[in-house]
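Colleague: This is the feature table in Swiss-Prot:
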type: LIPID; residues: Gly2; note: N-myristoyl glycine
type: DOMAIN; residues: 24-59; note: domain 'EF-hand 1'
type: DOMAIN; residues: 60-95; note: domain 'EF-hand 2'
type: BINDING; residues: Asp73, Asn75, Asp77, Thr79, Glu84; note: Ca(2+) 1 binding site
type: DOMAIN; residues: 96-131; note: domain 'EF-hand 3'
type: BINDING; residues: Asp109, Asp111, Asn113, Tyr115, Glu120; note: Ca(2+) 2 binding site
type: DOMAIN; residues: 144-179; note: domain 'EF-hand 4'
type: BINDING; residues: Asp157, Asn159, Asp161, Lys163, Glu168; note: Ca(2+) 3 binding site
Amino acid sequence: MGKQNSKLRPEMLQDLRENTEFSELELQEWYKGFLKDCPTGILNVDEFKKIYANFFPYGDASKFAEHVFRTFDTNSDGTIDFREFIIALSVTSRGRLEQKLMWAFSMYDLDGNGYISREEMLEIVQAIYKMVSSVMKMPEDESTPEKRTEKIFRQMDTNNDGKLSLEEFIRGAKSDPSIVRLLQCDPSSASQF
C-alpha cells in the first residue's frame, strides 16, 4: 500500500478531536510514533504483544495483552488501526472514571453478553497475575487468582447471581477504591496492595 503519510488527514483529525481527549498536536505526535512502530498503519495481535511485553519485562504479559488487544479492536477485524488505538488510549489514560470502568468491563466480559462471570473474571485475573506477580506482593486474601476473584465477587455481586452486571461493576468500583486497585494491574501501584 505504499508509504503512509505521517500527517493525519483533516477529516480524521477532526473525528479524533471529537472522540478523544487529545489535542491536535498530541494526535499528530501519536500518529507519527504509531507509524514509526507500525509502518503499515495497523497492528496485529503478535506485534501488540511484543510492544506490551516492554511495559511488563518481569512477567508474562502475552495473555493479558490479548485481552487488551481484543478490547482495542472495536471492529473485531483482528487488527488495531490508529483510530482504534488512540480512542482506547484516550479512555484509559484521560477518560473519566466511569469511562475507564466501562472500558474495563468490556475487557472482562469475554463473551460480550453484558455480564462478567466468575470464569471470565478468573481468566483476566490469572493473566494479570502472570504479568505482575513476580514484582507484586499480594495480601493473603488475594494470594491466588481464585482468592482475588472471590474477593471481587463478594464485594461487587450485590444480587448474588454469580455474575456482574455493568451497573454492579461500576457501583462496586465507585463505592470502594480498594476494588479499583483489585482490578488494576499496574506494578507501580504495588505499594497500594
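Glycine too: its Cβ is placed from the backbone N, Cα and C atoms.
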Colleague: Quick one: Cα separation, Asn159 (Ca(2+) 3 binding site) versus Glu84 (Ca(2+) 1 binding site), in Å?
Modeller: 35
Colleague: Minimum Cβ neighbour count within 10 Å among the binding-site residues Thr79, Asn159: which residue?
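Modeller: Among the binding-site residues Thr79, Asn159, the lowest count of other Cβ atoms within 10 Å belongs to Asn159.
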Colleague: List the residues in the vicinity of the Ca(2+) 1 site, defined as same-chain residues other than Asp73, Asn75, Asp77, Thr79, Glu84 with C-beta within 8 angstroms of the site's C-beta centre.
Modeller: Ile42, Phe72, Thr74, Ser76, Gly78, Ile80, Asp81
Colleague: On average, what pLDDT score does this prediction assign to the domain 'EF-hand 4' (144-179)?
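Modeller: Overall, the domain 'EF-hand 4' (144-179) comes to a mean pLDDT of 91.
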Colleague: If one looks at the chain holding Lys163 (Ca(2+) 3 binding site), which residues at least 6 apart in sequence have a CB under 8 angstroms from its CB?
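Modeller: In sequence order, the residues whose Cβ lies under 8 Å from that of Lys163 (Ca(2+) 3 binding site) (at least 6 apart) are Tyr115, Ile116, Ser117, Arg118, Asp157.
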Colleague: Count the Cβ atoms, other than its own, that fall within 10 Å of the Cβ of Glu84 (Ca(2+) 1 binding site), considering every protein chain shown.
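Modeller: That number is 19.
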Colleague: Could you round the CA separation between Glu84 (Ca(2+) 1 binding site) and Asn113 (Ca(2+) 2 binding site) to a whole angstrom and send it over?
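Modeller: Asn113 (Ca(2+) 2 binding site) has its Cα 21 Å from the Cα of Glu84 (Ca(2+) 1 binding site).
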Colleague: How long is the line from the C-alpha of Asn75 (Ca(2+) 1 binding site) to the C-alpha of Asp111 (Ca(2+) 2 binding site), rounded to the nearest angstrom?
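Modeller: That separation, Cα to Cα, works out to 15 Å.
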Colleague: Using a 10 Å cut-off on Cβ-Cβ distances across all protein chains shown, tell me which of the binding-site residues (Asp109, Asp111, Asp157, Asp161) has the largest neighbour count.
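Modeller: It comes out as Asp109.
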Colleague: Cα-Cα separation of Asp109 (Ca(2+) 2 binding site) and Asp161 (Ca(2+) 3 binding site), in Å?
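Modeller: Rounded to a whole number, the Cα-Cα distance is 16 Å.
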Colleague: State which of the following binding-site residues has the fewest other Cβ atoms within 10 Å around its Cβ: Asp73, Asp77, Glu120, Glu168.
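Modeller: Counting other Cβ atoms within 10 Å of each of the binding-site residues Asp73, Asp77, Glu120, Glu168 gives the minimum at Asp77.
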